[in-house]
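One structure below.
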Amino acid sequence: MDYFPMIIALLFVAFQGAPETAVLGAELSPEAESQGETPSPHASWRPRRSKRCSCSSLMDKECVYFCHLDIIWVNTPEHIVPYGLGSPSRSRRSLKDLFPAKAADRRDRCQCASQKDKKCWSFCQAGKEIGRDQDTMEKRWDNQKKGTDCSKLGEKCIHRQLVMGRKIRRLEAISNSIKTSFHIAKLKAELYRDKKVTHNRTH
């Protein structure tokens, strides 16, 4: 009989707490429903960034770094050094859909995604001559690949072909380095997303 008062006290506390828990459950259920409707910010947030501009030629390394990877360039006496890699995630949407008329115009070095981006427009407008030289280089590259018979043209033609061969090899090296940079940026983006997902699951 010593346990009887204790059992009654426990039953009283249990029945007293039941309405409170029911009320708390009713108060929490709308919050749970509202949380279920709206996704959490961690799940929906992704570090995506659209291209700043679209280059006329992917062989223009400085333009590709500026438009696609948003890298700052430092002019040194020996060469141009890129640094400050921005967000690796980028949109693959072509700017031809946004500017169909301007995309066909290859006189500019690049086409900006936003007309309000004055820095981008000045960069693309200032690079008109570089873009023209790049187009000329591409045409020469195609002609070099097709081959030219220098047997009748003499030593100047042979010398020109040797110089063009060196330039072509250099441009191929630049193109390969750009492809490697894009591949590394893509791998970094995938690694970042995987780390973000695992971090959200653990917490």
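Just so it is clear, glycine is given a Cβ too, placed from its N, Cα and C backbone atoms.
Remember, predicted model here, so these are calculated numbers, not experimental data.
Residues or ranges marked as disulfide bond by Swiss-Prot on the basis of experimental evidence: CYS53-CYS67 (among others). Around the Cβ of CYS67 (disulfide bond), the same chain contributes LYS51, ARG52, CYS53, SER54, CYS55, CYS110, CYS120, each under 8 angstroms and 6 or more positions distant in sequence.
CYS55 (disulfide bond) has a Cβ environment of 26 other Cβ atoms inside 10 Å. Annotation source Swiss-Prot lists disulfide bond at CYS55-CYS63 (among others).
Residues or ranges marked as N-linked glycosylation site in Swiss-Prot (evidence: sequence analysis): ASN200.
Look at Swiss-Prot and you will find 27-48 tagged as region 'Disordered'.
Per Swiss-Prot, the feature region 'Endothelin-like' maps to 110-124.
According to Swiss-Prot, the feature signal peptide maps to 1-25.
All chains included, 21 other C-beta atoms sit within 10 angstroms of the C-beta of CYS53 (disulfide bond).
When other Cβ atoms within 10 Å of the Cβ of CYS63 (disulfide bond) are tallied across all protein chains shown, the result is 23. In the three-state DSSP reading, CYS55 (disulfide bond) counts as strand.
Per DSSP, the region 'Endothelin-like' (110-124) is made up of 7 helix, 3 strand, 5 coil.
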